[in-house]
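Below is one structure, written out as structure tokens; the observations come after it.
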Amino acid sequence: MAPTMRKSHPLLKIINGSFIDLPTPANISAWWNFGWLLGVCVIVQIATGLFLAMHYTADTSLAFSSIAHICRDVNNGWLLRNLHANGASFFFICIYFHIGRGLYYGSYLYKETWNIGVILLFLVMATAFVGYVLPWGQMSFWGATVITNLLSAAPYIGPDLVQWIWGGFSVDNATLTRFFTFHFILPFIIAAMSMIHLLFLHQTGSSNPTGLNSNLDKVSFHPYFSFKDLLGFIILLGALAILSTFAPNLLGDPDNFTPANPLVTPPHIKPEWYFLFAYAILRSIPNKLGGVLALLLSIMVLFLMPIIHTSKLRSLMFRPAAKAFFWALIANTIILTWIGGQPVEDPFISIGQIASGLYFLIFVLIIPTLGLLENKLLKI
């Protein structure tokens, strides 16, 4: 009997091995759906972004007007713009759930997959940052000025580095043009890196909620999980459609409806909501270089996870003490997100400093120590 085409064709058998006959642990929950949803987000963002790029003009005198033109004059341009802007928010919601699941169930022990994932997070954050500058509103301009200025904290090369990125002595036309270039190319790099992420994942297979070896109990990805994933897909696209049509500006900043003006500083410069936790950590340290390092370390701490895993158990499912501190970390990150959106005054400064300290403490000290303690208590 001749093998089916999907198993014999050189290209189709790669797709078959990744999405159809892929052996998948039978007990994975809905938390394993987010990786697939991130793929959907990348496709939605690239599709809407391509059509927006056809009508956008990367010039300081025309950028703001070109966004207004897209929303008013282009067929369904308002929808494309809203889907793209809010799609970024859903992208980050999925990313944070995906990382949270990885931390909870010990997925970081697949080191290559995890490290590629953290690099992907940096790439997505860079893409979102340069994309936020493109409408050339007040918050776009001042956000770009403040964040790029942080590079001046680098010893010796800092000031030159900032001018090199700006393409001049301030954020101007050269900056906007290069940011548009980066915003256009980075999603394709993200798509390529996602393939590598999957390649490494399929070397080991998926983890599962118990953290045990699941080779004894696997089912094919299709039809079981392909249909199960459709539920998340419908919820994601449904929520994105509702937000983009009924409350498209809910997550945006009102200041961005004002064209960029280098002579007027907005009262509170803040990034989009998905960067607020890192922004709060940056602001909680009075020293500029210290703040920049803390900002970088708030994400780079994820690289340490496979190294500082001390427990003999993989998943937090059977680790009640560590589980409690995992949820404390989640609550702490939500507090940091809230603080990042508040003005720099007491009590927000001190709350931010305590929350920032706890963030690093839970990651690098409390959870690893609890791992050793639990090993002793369980005599393993």
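Cβ atoms are placed via backbone N, Cα and C, with glycine included.
Straight from Swiss-Prot, the features:
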| type | residues | note |
| --- | --- | --- |
| TRANSMEM | 34-54 | transmembrane segment |
| TRANSMEM | 78-99 | transmembrane segment |
| BINDING | HIS84, HIS183 | heme b b562 binding site |
| BINDING | HIS98, HIS197 | heme b b566 binding site |
| TRANSMEM | 114-134 | transmembrane segment |
| TRANSMEM | 179-199 | transmembrane segment |
| BINDING | HIS202 | ubiquinone binding site |
| TRANSMEM | 227-247 | transmembrane segment |
| TRANSMEM | 289-309 | transmembrane segment |
| TRANSMEM | 321-341 | transmembrane segment |
| TRANSMEM | 348-368 | transmembrane segment |
Determine which residues of the chain contact the transmembrane segment (227-247) at the Cβ level, with the cut-off under 8 Å and only residues 6 or more beyond its ends counted.
30, 33-34, 36-37, 40-41, 44, 79, 82-83, 86-87, 89-90, 94
Long-range environment of the transmembrane segment (348-368) - Cβ separation under 8 angstroms, sequence gap at least 6
280-281, 283-285, 294, 297-298, 301, 304-305, 308-310, 322, 325-326, 328-329, 332-333, 335-336, 339-340, 342
Using a Cβ cut-off of under 8 Å, list the residues of the same chain at least 6 residues beyond the transmembrane segment (289-309) that approach it.
99, 103, 106, 108-109, 111, 114-115, 118, 121-122, 125, 150-151, 153-155, 277-279, 281-283, 356, 359-360, 363-364, 367-368, 371
When you rank HIS98, HIS197, HIS202 by Cα distance to HIS183 (heme b b562 binding site), which of the binding-site residues ends up on top as the closest?
HIS197
Is it the case that the transmembrane segment (34-54) and the transmembrane segment (114-134) have 3 or more CB pairs under 8 Å, with pairs at least 6 apart in sequence?
no
Give the number of CB atoms, excluding that of HIS202 (ubiquinone binding site) itself, located within 10 Å of its CB.
14
What's the CA to CA span in angstrom from HIS197 (heme b b566 binding site) over to HIS84 (heme b b562 binding site)?
24
Excluding the flanking five residues on each side, which residues at least 6 beyond the ends of the transmembrane segment (114-134) place their CB within less than 8 Å of a CB in that stretch?
56, 58, 63, 88, 91-92, 95, 98-99, 102, 107-108, 140-141, 143-144, 147, 175-176, 179-180, 182-183, 186-187, 189-190, 193-194, 196-197, 200, 271-272, 274-275, 299-300, 302-303, 305-306
Report, as a single number, how many Cβ atoms besides its own are within 10 Å of the Cβ of HIS98 (heme b b566 binding site).
21
If you measure HIS98 (heme b b566 binding site) to HIS84 (heme b b562 binding site) at Cα, how many Å is it?
21
Among all the protein chains here, how many other CB atoms are within 10 A of the CB of HIS197 (heme b b566 binding site)?
21
Between HIS84 (heme b b562 binding site) and HIS202 (ubiquinone binding site), what is the CA-CA distance rounded to a whole number of Å?
30
What is the total of other Cβ atoms whose distance to the Cβ of HIS183 (heme b b562 binding site) is within 10 Å?
22
